Amino acid sequence: MSIQNREAFLDKLASRLRRERRTEGVERPQWSVTPQEEVFKGMSQDELVAVLEKHCKVIHTTFKRTDRAGLASVLNETLQAYEGKSIVTSNDARHQEYGITKFFEEQGDQLDVHVWDAAIGKENQKIAERADVGLVFSDITLAESGTVTLFNTKDNGRSISLLPRTFVAIIPKSTLVPRMTQAAKHIHQAQASGQDVPSYVSFITGPSNSADIEMNLIVGVHGPVKATYIVVD
Amino acid sequence: MSIKIGEIPYKERIQNGIKDDFMRQAVSSAQGRFRTGRLTQAAELGNWEDWRDLGEEIRTHTLENLDYYLHQLSEQVARRGGHVFFAETAEEANQYVKSIIQKKQAKKVVKAKSMVTEEIGLNKALEEVGAEVVESDLGEWILQLDEDPPSHIVTPALHKNKQQIRETFAKKKGYTGSDTPEELAAFAREQLRQDFLSADVGVTGCNFAIAESGSITLVTNEGNAEMVTSLPDTVITVMGMERIVPTWEEMEVLVSLLTRAAVGQKLTSYITAITGAGLELEVDSPEEFHLVIVDNGRSKILGTEFQSALHCIRCAACINACPVYRHIGGHAYNSIYPGPIGAVITPLLEGYDDHKELPYASTLCAACTEACPVKIPLHEHLIRHRQIIVEKEKGPTAEKLMMKGFAAWASNPAIYNMSAKMAKPALGPWTKDGMIENGPGPLKAWTEVRDFYAPQGQSFRSWFKQRQKDGESK
């Protein structure tokens, strides 16, 4: 770990600003307005689900809603729609809790499921690259923008949501917040209390897209070409 | 490449732009869509002016304490296992990146879209040491294959049509498909996927560095920045020194402003924050992470009346609002930063000598200032540039002479009256339906691009005199 040329560089900035160098004692001011706090303030979880559902149309994402009992069948239906035979997913305790582990076991030979395994290193990426479907749980879900937030760790590689042809996010209703403000606040507070932010945080909003050719919207560029969100009550 | 993109003179560049019918049509339709998107998002929030005020406050505070936040950022990146290099010049930045490429014996470098690496000419520097450099943003890839500079900072290949893109793909990559955008994009996906998987080093720009945690935020729609930072073992981020926020909370506000102001999206498909080298057993994190913080002339702006130009978050809302950009297109600015913000920062970064026309590529209508999500007074900066240029006697000589002449002419009522009366018959041969379309002498520069009202034969003074007389007689 190295830091090179810092002192001269920053001394120069301080001199341009016509003051002594500052290395401590700077506090963020109280901002005069905080409009970000007002968006969807006081909404219930169900109201936030409605906001999310509406916005899924804008971001070309299929929206589904079910409860724990219905999750297996909704997942099955989604996999069929995507002709998903091979699946890569995170090594996540919630799979057991939500009955997904059981569903995969029941499917047996019908599905080729790879659970992220830190021990096999880069091999995970190769499997993800070939997979039809990447399946993850949303850690924080932003209703306003239709965004799933993923804290990527050694058991939950980012490749899962990135390399497969399609992307399925399971969204526990409790993970819904109004917007990015609440996710950022959560991370900021954790960081301030000495808990390091994961080395990758991904805010994913629907499938990848581009408008670089004559401003035509093309859905599906480098990342997944299709996406489904399944909200679980 | 540097900030300046070529040697063609200003007037010729403008002519090239004006004659390019496809480009003008594409630009005007893109401007329309981007602006509608931005205005719809602003209207939906209802308190857009509060958001802009907040954006301005955050940027002002951050720039006022830039040394503090860059110090904090570098400490955090190092603590999370990354290397930080402060580069005062483009050469220093390129030299450092080259040294890593050589140390890693990297053959292939894959890049995510980054304006600052265009600015410092990194691709050329890396090719000098034998690395193959692949741009992975679809628009940038098209331009790279065609060896063409960007014309817009958000949609860089806006000036190209799909037939041209198909031809480029066919010529450079053996593409045999149609010119439908979907098929072209699918081809790019397939080609670039191989590059992502085989690259030794990934290079990104930086939308916002977060000082408190040492994180780098990347904003894309295509997912290419995610590929670039997940697959290669070594990742190098190059950032302009002003692209920083204090904490995640300010990052969130500025990202919300950026995606709304740039493309009318609430958020883009991918917002990713990467922090340092990965932790143990993290497959998708790089083993080695380098952050290069670039000055390259920015510190000259700090502490001056132009400091707010460093508040820019590169959303291009000013470009999309500009009536001059609409007609001349991005290449006419001869800078990788076109439009109003380009006309403000290009002379600041590279000096007036090569860019003295840019502050005049504006009608001063202030649409740019009104569009800016962080309230940079762009048109006021342009006026100030003009003042400086004139003060330095670097203003266009014709204009100075004309102004001097006009002052002498207009301040003498007898001469003014006579010439105003004379003008109509004198300009008769060039006049059609009361408009001059192709004027002689000093009028030529004006009428090349627009019509000029022909003198009416009756001056205001004579009309007013007549009116007073009529009034008296009633």
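For all residues, glycine too, the Cβ spot is worked out from N, Cα and C.
All TrEMBL annotations are machine predictions without curation.
Reduced to three states, the DSSP call for B:Cys315 ([4Fe-4S] cluster 1 binding site) is coil. Annotation for B:Cys315 ([4Fe-4S] cluster 1 binding site): same-chain Cβ neighbours under 8 Å, separated by at least 6 residues, are B:Val154, B:Leu257, B:Leu258, B:Ala261, B:Ala262, B:Pro373. Annotated [4Fe-4S] cluster 1 binding site per TrEMBL: B:Cys312, B:Cys315, B:Cys318, B:Cys372, in sequence order.
The DSSP secondary structure for B:Cys365 ([4Fe-4S] cluster 2 binding site) is coil. Residues annotated as [4Fe-4S] cluster 2 binding site in TrEMBL: B:Cys322, B:Cys365, B:Cys368.
Taken together, the residues of the domain 'LUD' (B:71-294) have an average pLDDT of 95. Under the heading domain 'LUD', TrEMBL lists B:71-294.
For B:309-376, the entry in TrEMBL reads domain '4Fe-4S ferredoxin-type'.
Look at TrEMBL and you will find B:385-469 tagged as domain 'Lactate utilization protein B C-terminal'.
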I'd like to know which of these binding-site residues, B:Cys312, B:Cys318, B:Cys322, B:Cys372, is least surrounded, judged by other CB atoms within 10 A.
B:Cys312
Across the domain '4Fe-4S ferredoxin-type' (B:309-376), what are the DSSP residue counts per state (helix, strand, coil)?
38 helix, 1 strand, 29 coil
What is the set of residues, excluding B:Cys322, B:Cys365, B:Cys368, whose C-beta falls within 8 angstroms of the centroid of the C-beta atoms at the [4Fe-4S] cluster 2 site?
B:Cys318, B:Ala321, B:Pro323, B:Val324, B:Tyr325, B:Pro340, B:Ser362, B:Thr363, B:Ala366, B:Ala367, B:Thr369, B:Ala371, B:Leu378, B:His379
Cβ within 8 Å of the [4Fe-4S] cluster 1 site centroid (B:Cys312, B:Cys315, B:Cys318, B:Cys372 excluded): which residues?
B:Ala261, B:Ile313, B:Arg314, B:Ala316, B:Ala317, B:Ile319, B:Pro340, B:Ile341, B:Cys368, B:Ala371, B:Pro373, B:Val374, B:Ile376, B:Leu378
Between B:Cys312 ([4Fe-4S] cluster 1 binding site) and B:Cys322 ([4Fe-4S] cluster 2 binding site): CA-CA distance (Å):
16
Taking the Cβ of B:Cys368 ([4Fe-4S] cluster 2 binding site) as reference, which residues of that chain separated by at least 6 in sequence fall under 8 Å from it?
B:Cys318, B:Ala321, B:Cys322, B:Gly339, B:Pro340, B:Ile341, B:Ser362, B:Leu378, B:His379
Around the Cβ of B:Cys365 ([4Fe-4S] cluster 2 binding site), how many other Cβ atoms lie within 10 Å? Please give the count over every shown protein chain.
13
